[in-house]
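Copied over from TrEMBL, here are the features:
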type	residues	note
COMPBIAS	658-674	compositional bias 'Basic and acidic residues'
REGION	647-681	region 'Disordered'
TRANSMEM	12-31	transmembrane segment
TRANSMEM	51-72	transmembrane segment
TRANSMEM	84-106	transmembrane segment
TRANSMEM	118-139	transmembrane segment
TRANSMEM	159-179	transmembrane segment
TRANSMEM	256-274	transmembrane segment
TRANSMEM	294-312	transmembrane segment
TRANSMEM	333-352	transmembrane segment
TRANSMEM	580-600	transmembrane segment
TRANSMEM	612-636	transmembrane segment
Amino acid sequence: TLFSNKKKKRKKICYIFFIVVNEFCERFSYYGMRAVLVLYFRYFLLWDDDLATSIYHAFVALCYLTPILGAIIADSWLGKFKTIIYLSIVYAIGQVTMAISTIHDITDANRDGTPDNFTFHIALSMLGLILIALGTGGIKPCVAAFGGDQFQEHQSRQLNTFFSVFYLCINAGSLLSTLITPLKSVASTLMVFIAGSGMYVKTDPEGNIMWSVCKCIGFAIKNRFRHRSSSYPKREHWMDWANEKYDKLLIAQIKMVLKVLFLYIPLPMFWTLFDQKGSRWTLQATTMSGDFVSILISTVNPILILTLVPIMDRLIFPLIQKCGLNFSPLKRMTVGMLFAAMAFVSAALVQIEIDKTLPNFPSSSESQLKVVNTYSTTLNVTISPNEHLLIESFGSSADYVTFDHQDITVSLNTNPVITKAFSLIKGGRQTLIIPSDPTVMYLKEDVKSKPREGKNAIRFVNGYTADLNITNLDSIEPSATTNYTLVNQGKRDFVLRHGEQWCEFSRKFGFGASYTFLIPSTVFSDDCESITEVEDMKPNSVHMALQIPQYFLITTGEVMFSVTGLQFSYSQAPKNMKSVLQAGWLCTNAVGNIIVLIVAELGKLPKQWAEYLLFASLLVAVSIIFSIMAYFYTYIDPAEIEAQVRKEQGLEPEEMEKETLEMEEKDEDQKNEQGVKQTKI
Ligand SMILES: CC(C)C[C@H](N)C(=O)N1CCC[C@H]1C(=O)O
């Protein structure tokens with residue numbers, strides 16, 4: 001018996017392996033594609049930031065809504081195994097369609113490097129995304145539930161370990177996807193899953209269960225409404241109004257599912273905060289210094305998951321249990337939400353630090369102006385009515401001057417005096433460039449927010465007497481100013497050239513600054529030494545390492561909330577509705593994403609730190625509501641309830657036999673464990 005049990009255990013580990021590797025490959029493909037999606041929208045389809053992020057969030061939301069469809073197909077029709085296979089094929093077709101949509105040569109008849117028919121590429125990529133959403137969303141609830149199905153009812157500890165390993169695989173997949181291309185993984189997902197085909201425990205679909213559920217709920221509501229007069233005796237639960245027509249077992253199962261779904265109502269708020277990690281926190285990082293922006297953003301969460309899940313599972317939770325505390329799943333989820341709220345408080349504190357170092361940008365009714373002098377002598381600049389600036393040659397005003405009106409008149413103390421009227425941009429920042437011929441002074445628009453991704457915005461004013469060529473920039477005429485170019489942090493070299501003459505200009509950059517470089521007429525005679533620099537915007541000074549606590553807190557929250565949520569959804573679902581509850585759980589994520597899309601985008605607060613605190617407070621409020629709901633929730637053993645109802649209805653021999661067998665097996669397991677212990681002693 002000992003030998004056959006060991007063999008059984010080894011076999012189980014083997015087919016659980018196939019299932020978790022399948023999830024690993026699927027997440028690898030999904031996150032690999034998602035990582036480059038916004039870039040594809042921005043730089044291939046040439047969409048603006050707002051449209052790109054909206055479509056991105058809509059796609060993510062769709063991926064977490066389609067599980068409902070997958071669950072219906074699996075539980076009512078195909079069964080989980082076939083659903084996973086068929087929807088993986090849909091997924092693969094989606095990835096291929098998406099890949100084809102990125103080949104610009106298809107519509108680039110004139111071979112200029114840009115597609116000629118954007119509509120075609122947009123249509124193809126949208127079709128690809130819809131197929132991927134159907135595939136990924138469809139198989140996700142089935143894989144989780146299918147994995148759970150491989151365990152018997154008494155193996156709750158192993159079941160919890162399975163969901164932890166399952167979550168580890170999700171994150172290992174997403175981590176690796178940043179290194180290897182996603183397409184290869186789609187094929188391997190399918191192959192790995194089919195390879196284990198013969199070994200799985202496959203539960204059969206039980207007819208059109210979702211349709212029966214809907215009809216049963218509809219009947220209960222209608223029947224309750226028909227008997228609303230007080231002369232009819234009350235029933236324990238409103239679903240009991242379906243007793244007249246529907247099977248007691250189905251009613252009991254619906255009650256279990258509804259109880260859990262009701263509990264899920266406040267949960268999307270967690271995901272609303274979690275999903276802002278990829279948007280708001282990424283933007284926050286661009287206003288900070290430190291050279292690990294992209295690595296930090298894409299890998300810190302999965303890396304922390306890979307470390308925290310085992311620590312929690314093997315150390316923290318057992319320790320809490322040893323202290324005699326009952327850290328039940330719903331308590332864990334509440335604490336998880338509080339951790340996420342703390343992460344946002346931490347983000348708010350970091351934001352306050354950043355705000356202290358940010359320039360004072362103009363409000364929508366103000367205009368800001370700086371003056372740059374490339375004239376041969378110091379100038380006295382008067383800006384009507386009462387702004388007087390003394391600016392030396394190849395220098396600039398100390399900082400921007402803020403105006404609450406747009407029309408200004410500038411006078412220079414040249415001989416004769418030069419006076420010129422300008423209209424400033426409302427809500428904008430500009431520089432008044434005074435060239436070697438001051439009569440042609442002009443306004444140039446400046447950056448009015450931190451350059452993206454921690455880059456630096458630089459430009460040159462040509463004070464040389466002829467056209468100049470500068471590396472990677474168009475040629476500039478005398479007295480003209482180039483547009484801004486974005487350069488990365490670190491040492492950058494620029495070669496300035498006019499005919500045979502040239503010199504090299506080197507400069508070390510930090511993060512998120514903006515500079516105007518003034519080129520004098522002597523540039524070639526002193527080997528670029530005389531180029532002066534005007535700092536339009538200071539480099540970022542708050543280090544990105546300060547974001548680590550918020551990532552740590554949100555990931556700790558995720559482990560408590562998300563891994564436990566997966567386990568809870570499986571353990572509290574009746575046998576024939578496991579995928580449906582998994583889908584319900586995933587839908588909380590979809591709703592969270594939709595809230596980000598609507599509330600977070602529309603209702604921006606003027607101060608970012610205040611917005612972070614608002615979200616933190618909302619989540620604390622929601623977690624209090626959730627803890628009250630959880631207090632009234634009684635954990636159930638769905639199998640036990642189902643058996644009880646069956647018993648009340650008269651025994652079903654086949655089911656009872658199965659249960660007896662399981663009990664016997666459980667007894668045997670226990671005996672064997674004792675046996676092993678005794679042998680060891
Ligand atoms: C955002 C990370 C790469 C992945 C994240 N830690 C995670 O595992 N998930 C976020 C939503 C649920 C879960 C997933 O299934 O991908």
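Glycine is treated like the rest: Cβ placed from N, Cα and C.
Scored on C-beta pairs under 8 angstroms, the neighbour of the transmembrane segment (12-31) with the top count among 84-106, 256-274, 294-312 is 84-106. The stretches the transmembrane segment (612-636) and the transmembrane segment (256-274) meet in space: the count of Cβ pairs below 8 angstroms, excluding pairs fewer than 6 apart in sequence, reaches at least three. Tallying C-beta pairs under 8 angstroms between the transmembrane segment (118-139) and each of 51-72, 84-106, 256-274, 580-600 places 84-106 first.
Listed by sequence, the residues of this chain that lie at least six past the ends of the transmembrane segment (51-72) yet keep a Cβ under 8 A from its Cβ atoms are 30, 34, 37-38, 41-42, 83, 87, 129-130, 132-134, 136-142, 210, 275, 279, 579-580, 582-584, 586-587, 589-591, 593-594, 596-597, 601. Counting only same-chain residues 6+ beyond the ends of the transmembrane segment (294-312), those with a CB under 8 A from a CB of the stretch are 35, 164, 167-168, 170-172, 174-175, 178, 277-278, 281-282, 285, 453, 544, 547-548, 551-552, 554-556, 558-560, 563.
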